[in-house]
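**Student:** One structure coming up, written as structure tokens, with questions to follow.
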Amino acid sequence: MAQLYYKKVNYSPYRDRIPLQIVRAETELSAEEKAFLNAVEKGDYATVKQALQEAEIYYNVNINCMDPLGRSALLIAIENENLEIMELLLNHSVYVGDALLYAIRKEVVGAVELLLSYRRPSGEKQVPTLMMDTQFSEFTPDITPIMLAAHTNNYEIIKLLVQKRVTIPRPHQIRCNCVECVSSSEVDSLRHSRSRLNIYKALASPSLIALSSEDPILTAFRLGWELKELSKVENEFKAEYEELSQQCKLFAKDLLDQARSSRELEIILNHRDDHSEELDPQKYHDLAKLKVAIKYHQKEFVAQPNCQQLLATLWYDGFPGWRRKHWVVKLLTCMTIGFLFPMLSIAYLISPRSNLGLFIKKPFIKFICHTASYLTFLFMLLLASQHIVRTDLHVQGPPPTVVEWMILPWVLGFIWGEIKEMWDGGFTEYIHDWWNLMDFAMNSLYLATISLKIVAYVKYNGSRPREEWEMWHPTLIAEALFAISNILSSLRLISLFTANSHLGPLQISLGRMLLDILKFLFIYCLVLLAFANGLNQLYFYYETRAIDEPNNCKGIRCEKQNNAFSTLFETLQSLFWSVFGLLNLYVTNVKARHEFTEFVGATMFGTYNVISLVVLLNMLIAMMNNSYQLIADHADIEWKFARTKLWMSYFDEGGTLPPPFNIIPSPKSFLYLGNWFNNTFCPKRDPDGRRRRHNLRSFTERHADSLIQNQHYQEVIRNLVKRYVAAMIRNSKTNEGLTEENFKELKQDISSFRYEVLDLLGNRKHQRRSFSTSSTELSQRDDTNDGSGGARAKSKSVSFNVGCKKKACHGPPLIRTMPRVGGAQGKSKAESSSKRSFMGPSLKKLGLLFSKFNGHMSEPSSEPMYTISDGIVQPHYMWQDIRYSQMEKGKAEACSQSEINLSEVELGEARGTAQSTECPLACSSSLHCVSSICSSNSKLLDSSEDVFETWGEACDLLMHKWGDGQEEQVTTRL
């Protein structure tokens, strides 16, 4: 295996060594290109500009070169948020490429604005572009700027792009079989799936939904549901789609959190998206948006405290302060209303709009009346099961008893209620509720019981001993079905536990456990069928007759079990009951002396018990425990969602009367029926068009009301979005904290500012500007200079020619401060430390100057500041590097006597204005001197410890003022 990595050599010293070499070598940068990228990294505007100008003339630098990290100069400027250098590079037509995507990923808003407004000038000579191969790009071809901005969820960048009217590809349906989807999947299935995931990841961005959707809440509902369904199809990316679905749910919930009044909450929850339903005046204030949330399983939205507060107010309408009452008072009130439900129902039948009729229509009263009616039905079932009315047990077709006659109206009322619910909500919505399926099964069993009793009453007359009845006698089947329906009717009462905060989570956990049991039964049935087939195959030949067994009994129900595996059905029963320990081991014996057969049978029976009891049963317990823990972790949300579904069933119009009063036609029902019959079969002529004009007027009024309601909804949504965005930005700044990136940005700002100040003070006037190829060489050169006591070591450097030579410079501030700190190299450490003690006030002034440049502070007083260079370079090294000892004494004194005000120092003056006194001439090794200056400056910048200890106060003041400005900027934009 080692031969794959190195070539075997014969000489011993390197026999146990693996020679390493770069296999995939990249093109090395030239020294000029390294210096160019280094200047961009440091923020040296003048050097970058000079390098770009020389590149246009001499072509000595490839301005599109990349560093080992694959970053071009433009990308480095974007990463450092240096907009001035970015603009300079764009003016020289550098290759843009994925710079916009890179700026969006780095969330540099200024760079995005600059790149969006950038247009390549036509007719000019352009530098050949690189990186044209998309294989080396950091972004896949399907990623667009708006998609990447949506992935980062940067509100400001998304707003900039949306204002440019960008678009996002519309994803096809989940199970779309169009030509485009099929061909894309066949060509590259991975790219097709990834592209779909990237599109949905962009569409699920809260900022994008808030900006581009007219109804962001409904959009979040539908998108969350679609992503949940897509996670079931794209199993490979199931976790990603589920995370996006949860993100949409949380966005809708967070948006509802911003509601500040009951009016805003009502406008949101009562808004309809279906215009045909909006024109119906009777359907206002029916919580349409909340119904949509329940339909799409938006549990977080439904369980939101604001939503629950409004629902509780509507639920306890007419009972102010209900929750503050004692539980005894609540119990007595509920029992009183429950006992009075027949009278309240009769009052509603007679006069629906009376006080009692309106009282029973309240949701809480309706719930109590329906519960009392169902408890009465269960009480009658209990009376029927106890046979309080004695009848002849041997009558084959017994007539109905008094209790059964009393049960019949309730059964008919239940059936009529289910028919109305299916008619109002639709068949699809009806079958999605498991309790409706249970009601359907229960009502079907009651109908089958009634039908079989009628058949037995008509067909069979007289009495006969029950022991002599045939097995499929109608009365026997009816009794069995009635017993099963009694069980289902009693269990149906569990649905009412949802209204209680203590029993509700238990009821939800029970429902989840039933799902686990169904999953478990699939595996268990497979194991059961496998062992049943094998045991039946083994013991089929040893079946005996009933007359050969004791008491003429055959099967496992006998006192002495036998023939447990003689048939397949008997084998299935035997294995099932063996799980509960109801089968003995001797059933594996045979009358013949076939010990091998008995051993194989006993081994198979034991293996089945180990698998079913030890493995499968414990797996079922673990699954049920997991389901319960999942509900317990989200007990509050799950219970509130289930309770809301229960409450919403009583908020709707209709279904006011409980069984059996709901089967009695009311006067209102006769009125509705008469109007329908009159309009359908006896249409009246309208020669004058009065009815048509009346319908047009009413339609216009309803449409106007709909527009007003929609306008109010849009105003509320606009306010919610503003509050949400403000809270999102505020939370992101709070959670961001102080990171390493902040220190890097601060260091970059200080470096750029240093070069700007050097240009302003006129210290960068030499003919040649030298740069080392790496920061390591710079630091090594500084160490060499310090140790040699002024001796200059020759090192390789790269120079950019400066076009203009100036004979005068703005140097007096620097020269006035230099003698003060000492120009000799022989100073002691104590003296040097004392000389640095006065640097604090200078740094404070430097911070004020920096704030002034950034526009966050008012301009300070324009009094002269002569110690600005103390915070820029260390005076000792500057003095040592420049070697002013070689200068003429008269010229130095003349320069030291000149004064200049810092507020008057500008870049144009530094480059174009000449002073009356000439600056000192450069030494013979001026190129090397300037390189040493850069070494000192680089050493200062690379030492983060010195920077943050010395410039602490100014940086703190700078960051404080910058933070205040950012908050004001965010508030202004919002």
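Using the three backbone atoms N, Cα and C, a Cβ is placed for every residue, glycine included.
Values in this document were obtained by computation on a predicted structure and should not be read as measured data.
Feature annotation from Swiss-Prot assigns topological domain 'Cytoplasmic' to 1-325, 420-433, 498-512, 625-974; the stated evidence is similarity to another entry. Look at Swiss-Prot and you will find 30-60 tagged as repeat 'ANK 1'. Marked as repeat 'ANK 2' by Swiss-Prot on the basis of similarity to another entry: 69-97. Here Swiss-Prot flags 98-124 as repeat 'ANK 3', drawing on similarity to another entry. The feature repeat 'ANK 4' is assigned by Swiss-Prot to 141-170, with similarity to another entry given as support. What Swiss-Prot lists as Zn(2+) binding site is HIS172, CYS176, CYS178, CYS181. The annotation intramembrane segment is assigned in Swiss-Prot to 326-360. Look at Swiss-Prot and you will find 364-384, 405-419, 434-454, 477-497, 513-535, 604-624 tagged as transmembrane segment. Feature annotation from Swiss-Prot assigns Ca(2+) binding site to GLU418, GLU421, ASN436, ASP439; the stated evidence is similarity to another entry. Residues or ranges marked as disulfide bond by Swiss-Prot: CYS553-CYS558.
Describe the structural context of each listed feature in the structure shown, including burial, neighbouring residues and relevant distances.
**Tutor:** Each residue of the repeat 'ANK 1' (30-60) gets a DSSP state, and the totals for helix, strand and coil are 26 helix, 0 strand, 5 coil.
Here the repeat 'ANK 2' (69-97) has a mean pLDDT of 90 out of 100.
For the repeat 'ANK 4' (141-170), DSSP puts the residue distribution at 17 helix, 0 strand, 13 coil.
In the three-state DSSP classification, CYS178 (Zn(2+) binding site) falls within coil. Within the same chain, residues at least 6 positions away in sequence whose Cβ sits under 8 Å from that of CYS178 (Zn(2+) binding site) are HIS172.
Outside the intramembrane segment (326-360) by six or more residues, the chain places 318, 366, 368-369, 371-373, 375, 656-658, 661, 664, 666-668 with a CB less than 8 A from a CB of the stretch.
Nonlocal intrachain contacts for the transmembrane segment (405-419), taken as residues 6+ away from its ends with a CB within less than 8 angstroms of a stretch CB, comprise 373, 376-377, 380-381, 384, 436, 439-440, 442-443, 446-447, 450, 655, 658-663.
The Cβ of ASP439 (Ca(2+) binding site) lies under 8 Å from the Cβ of PHE414, GLU418, ARG492, each of which sits 6+ residues away along the same chain. Under DSSP, ASP439 (Ca(2+) binding site) is assigned to a helix (H, G or I) in the three-state scheme.
Same-chain residues lying 6 or more positions outside the transmembrane segment (513-535) and placing a CB less than 8 Å from one of its CB atoms are 565, 568, 571-572, 575-576, 601, 604-605, 607-608, 611-612, 616, 619-620, 623-624, 626-628.
The Cβ of CYS558 (disulfide bond) lies under 8 Å from the Cβ of GLU549, PRO550, ASN551, each of these being in the same chain and 6 or more residues away along the sequence.
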**Student:** Taking every protein chain shown into account, which of the binding-site residues GLU418, GLU421 has the largest tally of Cβ atoms within 10 Å of its Cβ?
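**Tutor:** Buried the deepest by this measure is GLU421.
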**Student:** Using all protein chains in view, find how many other C-beta atoms are within 10 Å of the C-beta of CYS176 (Zn(2+) binding site).
**Tutor:** 10
**Student:** Using DSSP, what is the helix/strand/coil residue split across the repeat 'ANK 2' (69-97)?
**Tutor:** 16 helix, 1 strand, 12 coil
**Student:** What parts of the chain pack near the topological domain 'Cytoplasmic' (498-512), using Cβ distances under 8 Å and only residues at least 6 beyond its ends?
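**Tutor:** Residues 367, 434, 627-628, 630-632, 635, 638-639, 642-643, 645-646.
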**Student:** Have a look at the binding-site residues CYS176, CYS181, GLU421, ASN436 and say which one has the shortest Cα distance to CYS553 (disulfide bond).
**Tutor:** ASN436
**Student:** DSSP three-state call for GLU421 (Ca(2+) binding site): helix, strand or coil?
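**Tutor:** Looking at the DSSP assignment, GLU421 (Ca(2+) binding site) belongs to a helix.
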**Student:** Tally every other Cβ atom lying within 10 Å of the Cβ atom of CYS181 (Zn(2+) binding site).
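**Tutor:** For CYS181 (Zn(2+) binding site), the count of other Cβ atoms within 10 Å is 16.
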**Student:** Compute the mean position of the Cβ atoms of HIS172, CYS176, CYS178, CYS181, which form the recorded Zn(2+) site, and then list in sequence order the other residues of that chain whose Cβ is within 8 Å of it.
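**Tutor:** After dropping the recorded site residues, what remains is GLN173, ASN177, GLU180, VAL182.
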**Student:** Within the same chain, and leaving aside GLU418, GLU421, ASN436, ASP439, name every residue whose CB is within 8 angstroms of the centroid of the CB atoms belonging to the recorded Ca(2+) site, in sequence order.
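**Tutor:** Along the chain, the qualifying residues are GLY417, MET422, TYR430, ASP433, TRP435, PHE440.
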